[in-house]
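There's a structure below that I have some questions on.
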Amino acid sequence: MARKMLVDGEIDKVAADEANATHYDFDLFVIGAGSGGVRAARFSANHGAKVGICELPFHPISSEEIGGVGGTCVIRGCVPKKILVYGATYGGELEDAKNYGWEINEKVDFTWKKLLQKKTDEILRLNNIYKRLLANAAVKLYEGEGRVVGPNEVEVRQIDGTKISYTAKHILIATGSRAQKPNIPGHELAITSDEALSLEEFPKRAIVLGGGYIAVEFASIWRGMGATVDLFFRKELPLRGFDDEMRALVARNLEGRGVNLHPQTSLTQLTKTDQGIKVISSHGEEFVADVVLFATGRSPNTKRLNLEAVGVELDQAGAVKVDEYSRTNIPSIWAVGDATNRINLTPVALMEATCFANTAFGGKPTKAEYSNVACAVFCIPPLAVVGLSEEEAVEQATGDILVFTSGFNPMKNTISGRQEKTLMKLIVDEKSDKVIGASMCGPDAAEIMQGIAIALKCGATKAQFDSTVGIHPSSAEEFVTMRSVTRRIAHKPKPKTNL
């Protein structure tokens, strides 16, 4: 009996060793070479993993068959949009320059096609940089559409239509998200943000449907370049989810720069006419535009991945369900970025990808951490926030909340004559004195807020803000000179219920 037990034990050990020694083509195969996918591939390779990655062929406008290394952010998102924001800002700067002694004696023309070409040149440069980063990390790049065909197997359909399968110990889904259009009659006449970044002709009349950051940013961009812009959104104010006081200021700034706002209004029909695209609003009004942009949300780009067929759980929106380590219910399959629909920001995808690489290959299991994630809306002027809004703080409060605000006319505007105030705000938990939220709407808001985000991440108190010496003269110094409480919000315990 003892002999049999020993033999059985040896057999079990050999079987386990053989299972661990299973040969795979790759330690990791990544589907999607956007920000998260490239980061995960590179960092995993740096940990010693053999890595493959696939991505669709490059094109500025994405579809089910075209994409490009770099993903949405680099090719048709954050980067090209910010380039257009810079371009749009110069119009106002030229106006502001007059009171600073600059005389523009000749007519100044804006050439859309020149800016568009410079934008395309830049995203191609970045596309090539991302490819080099992968090559330098010894990551094998395959051009084609990837799909999962088993817990440890992916299939890549190449440009010529041929299909090749690869096995991998781990598979990472990093396919991002895709812009969606509401099912309004005539919706095929509208464009999404993809096309908006690559229009051949500049739209002199633009209609934007949506109240989120993409809608607000494009309204600012086109208006800054001289277009007539009408912005339609369902709520009373744009930018739902942001601090209400900041939302109101953004709305005033948009109107102050000439954007026509249509709150609590949607579109019911689009029709092609000789004069342009005719639009009918939910209030029965008619408008005509050269371009209609639908900026009404994005959805996880997972439909063609075959995930449900191999047992990977998705939520109702099609997002990949993952745990705190970005692992799906199938132990060998993971997901990061917009495909998981957690916080859909490029830096968050990078953070999740880093945590994944540490967990899967670095011997250091690391949970993705989402507290105090800063973000910005690149309208003109921009809005930036970190931590809790006033409304969120009140909702989550266990004690009294202190609100500090500072609204002022920036020094630059006092000379230029521009009537546009900057607003800065701190939210403080009175009991602990910790700063739990910060927001700013005004020039350079995003640049300033990155430093504030570090302070909040480190648990800074209001007393520490107050003891910090400011940089003078600057707008940023207001964050360390707000001494007087604007308002105190008393904590109201939620009523107990037996239901």
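Going from the start of the chain as shown, residues are counted 1 onward.
The backbone N, Cα and C atoms fix where each Cβ goes, glycine too.
Pulled these features from Swiss-Prot for this protein:
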- His472: active site, proton acceptor (ACT_SITE)
- Ser35, Tyr130: glutathione binding site (BINDING)
- Ser35, Gly36, Glu55, Thr72, Cys73, Lys81, Gly146, Asp338, Thr346, His472: FAD binding site (BINDING)
- Gly211, Ile214, Glu217, Arg234, Arg240, Gly297, Ala376: NADP(+) binding site (BINDING)
- Cys73-Cys78: disulfide bond (DISULFID)
Around the C-beta of Cys73 (FAD binding site), how many further C-beta atoms are within 10 angstroms, looking at every protein chain?
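Excluding its own Cβ, Cys73 (FAD binding site) sees 23 Cβ atoms within 10 Å.
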Three states by DSSP: which one describes Gly297 (NADP(+) binding site)?
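It is coil.
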Using all protein chains in view, find how many other C-beta atoms are within 10 Å of the C-beta of Gly297 (NADP(+) binding site).
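There are 15 of them.
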Can you figure out which of Cys73, Ile214, Arg234, Ala376 (the binding-site residues) comes closest in space to Tyr130 (glutathione binding site), comparing Cα atoms?
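Of the binding-site residues Cys73, Ile214, Arg234, Ala376, Cys73 has its Cα closest to that of Tyr130 (glutathione binding site).
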Tell me the Cα distance separating Ile214 (NADP(+) binding site) from Thr346 (FAD binding site), rounded to the nearest angstrom.
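Pair distance, Cα basis, whole Å: 14 Å.
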Cα-Cα separation of Ala376 (NADP(+) binding site) and Cys78 (disulfide bond), in Å?
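Rounded to a whole number, the Cα-Cα distance is 11 Å.
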Rounded to the nearest Å, what's the C-alpha distance separating Glu55 (FAD binding site) and Gly297 (NADP(+) binding site)? Just drop the number here, would you?
23
If you count Cβ atoms within 10 Å of each one, which of the binding-site residues Glu55, Glu217 comes out on top?
Glu55
Neighbour count, 10 Å Cβ-Cβ cut-off, for Ser35 (glutathione binding site): what number do you get?
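Other Cβ atoms within 10 Å of Ser35 (glutathione binding site): 28.
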Round to the nearest Å and give the CA-to-CA distance linking Cys78 (disulfide bond) with Ser35 (glutathione binding site).
11
Cα of Gly297 (NADP(+) binding site) to Cα of Cys73 (FAD binding site): how many Å, rounded?
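About 15 Å separate the Cα atoms of these two residues.
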Any idea what the Cα distance is from the residue listed as 'active site, proton acceptor' over to Cys73 (FAD binding site), rounded to a whole Å?
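A Cα-Cα distance of 35 Å.
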Measure from the CA atom of Arg240 (NADP(+) binding site) to the CA atom of Gly146 (FAD binding site) and give the result in Å, rounded to a whole number.
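Cα of Gly146 (FAD binding site) to Cα of Arg240 (NADP(+) binding site) measures 35 Å after rounding.
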Give me the Cα-Cα distance between Ile214 (NADP(+) binding site) and Cys73 (FAD binding site), rounded to a whole Å.
13
Long-range same-chain neighbours of Arg234 (NADP(+) binding site), Cβ under 8 Å, sequence gap at least 6?
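Looking at Cβ-Cβ distances below 8 Å from Arg234 (NADP(+) binding site), excluding near sequence neighbours, one finds Gly211, Gln264, Thr265, Ser266.
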Across the record's NADP(+)-binding residues Gly211, Ile214, Glu217, Arg234, Arg240, Gly297, Ala376, the largest CA-CA distance in angstrom?
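That value is 21 Å for the farthest Cα pair.
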